[in-house]
Amino acid sequence: MTRIDELFAEAQRLQDQEKLPQAMTLYEQILTQNPNHEPSLCRLAFVCIQLGDHNTAIHYLQRALALDADDPGLHNNLANAYRKNHQLDLAIHHYKQAIALKPDYAQAYSNLAAVFAMNNDYRNALEYYRRAIHAQPDFTAAHYNLGLLLLRNNQLNAARIQFNNVLALNPDHLEAYFYLGVLSLEANQLDEAEKAFQHVIMHDNTHVQALTNLGVIALKRDRGQLAVDFFTKALTLDNNHLDARNNLAATFMHHDRFENALMHYDVLLKQMPDHIEYLYNSGVAQMALGHLNEAIHQFEHLLSLEPQHFAALNNLAAVFIRLEDKPKAIELLHRALAANPEDAASRHMLNALQGNTATAGTCTSYAANLFNNYALYYDKHMREQLKYTLPLHIESLCREYDLDHFANALDLGCGTGLTGEILRPLTRRLTGVDIAAKMVVIAREKGIYDELIDADIHVFLSGTSQRYDLITAADVLPYFGDLHPLFSAVREHLMPEGYFIFSIEISDAIPWQLQESARFCHHADYIESLCRELALKLIDSQRVIARQQNNTGLPVLLFLTQAA
């Protein structure tokens, strides 16, 4: 063995041990003695690539290629160096040279396909991956990278075939399992997706994206706490994982855990301060928590980036309504309607603020949005801040007339069940109906009702053949203008001599008007005329204080009527 052979062997050993500066010194020593020592030129180029010095690596590979221009491996390695140095045209040239010299060179085909994929040249990338696989059918990496290419270009069935090919060649290939899980999740095949991601986690419990996707599956199954657990574990492993943090924040928003959500949106906005979704959700959370100035800041920042963002305009208008800045709220509602002219809830609020009673009508979407956003705090706010006592007045009215033995009662607009709590001891069967799904969820947790339906009142009444000996509508009619359709439907579902108990906010104008609160008030004479027309005997009407409004008691009329 010559001295150069000894030095080369020692340099290789050092390079294999990743002692790169020492290896480089020995290779350079060899090249000082023999500038045309091709193996040292190639190995020294690889050391430079490992150290991130691609320009020097290219220099040494060019020297090696000058010694043997027909070596396909050298062309492939030089192309790799050019690719790492972002000189893609030169990389393509030398990959093609390697293929010309060796037409079955599978690795060169695959590498060339990767360059085309980097350039978003799907057609050529697809062609060269296929050539790589044709040249070497058991080339696992080519099947895998072809699968990724197909997935990125939404060729999902073809991608699935390639990832299955990978597993046929290498059953331990975790990333192929992972992407089969991704494909199943995309197809909403949750059991298959979960099985794939669990397999990945079983073999690598630090796989952050698999944990994140298991959280997404839990969310789709409405298992919020399990989703939180997966997202939290993912963030424990990678605190900078945006997908996990975004999903965790969104999960907290979905479950009205606004303080938790804000903690994560604050982190996300530090990294991406102009992200529309983060700004919007942060504004909604601040608004829900009563942090109105912070909500204004987030919504206004968002609108500076996207001036026609309807939801931000709508919510910002709601903030200014709460701040009693009527002109600003009106301006924002006009902008919201310009962005979305069909939105009935925004038009309803604008009509209320501008006093457009003539054009105002019942707006079910307004009520649904209002109470879904209000559900989490409804009971506490109504009882502690608004001193809501209308159910107690209904209880007193029933006691006064000995109404305590009903067979089948219906609570319209049941909300979270505040009136249902009063009705439960008075009836054998109790049904509740409300348009706000989140209110119904809370009512269901109380176990008051025999049946709860999340539906518009008119839709429910038109779809049921049930008859009731008691129907109540406590604090419901202020969300309806013309009461004739509702009263007609109620009358049809009352048993003979069945009772209808309801409340109205009091109007001085006949028949009704829309108030700035976006609630309707009705005149007593209008109610009496409806009762006469529909054969509802008016037994009693009482003026009572239902709750506080603007720090004063809000008087309502509570009516007791009976089917004649």
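Backbone N, Cα and C define each Cβ position, glycine as well.
Caution: TrEMBL annotation is automatic and unverified by curators.
For reference, TrEMBL has these:
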- 410-500: domain 'Methyltransferase type 12' (DOMAIN)
- 38-71: repeat 'TPR' (REPEAT)
- 72-105: repeat 'TPR' (REPEAT)
- 106-139: repeat 'TPR' (REPEAT)
- 140-173: repeat 'TPR' (REPEAT)
- 174-207: repeat 'TPR' (REPEAT)
- 208-241: repeat 'TPR' (REPEAT)
- 276-309: repeat 'TPR' (REPEAT)
- 310-343: repeat 'TPR' (REPEAT)
Can you check how the pLDDT averages out over the repeat 'TPR' (72-105)?
94
Should anything in the same chain at least six residues away from the repeat 'TPR' (174-207) have a Cβ under 8 Å from its Cβ atoms, list it; otherwise answer none.
144, 147-148, 151, 156, 159-160, 163-164, 166-167, 213-214, 216-217, 220-221, 237
Should anything in the same chain at least six residues away from the repeat 'TPR' (72-105) have a Cβ under 8 Å from its Cβ atoms, list it; otherwise answer none.
42, 45, 49, 54-55, 57-58, 61-62, 64-65, 111-112, 114-116, 118-119, 135-136
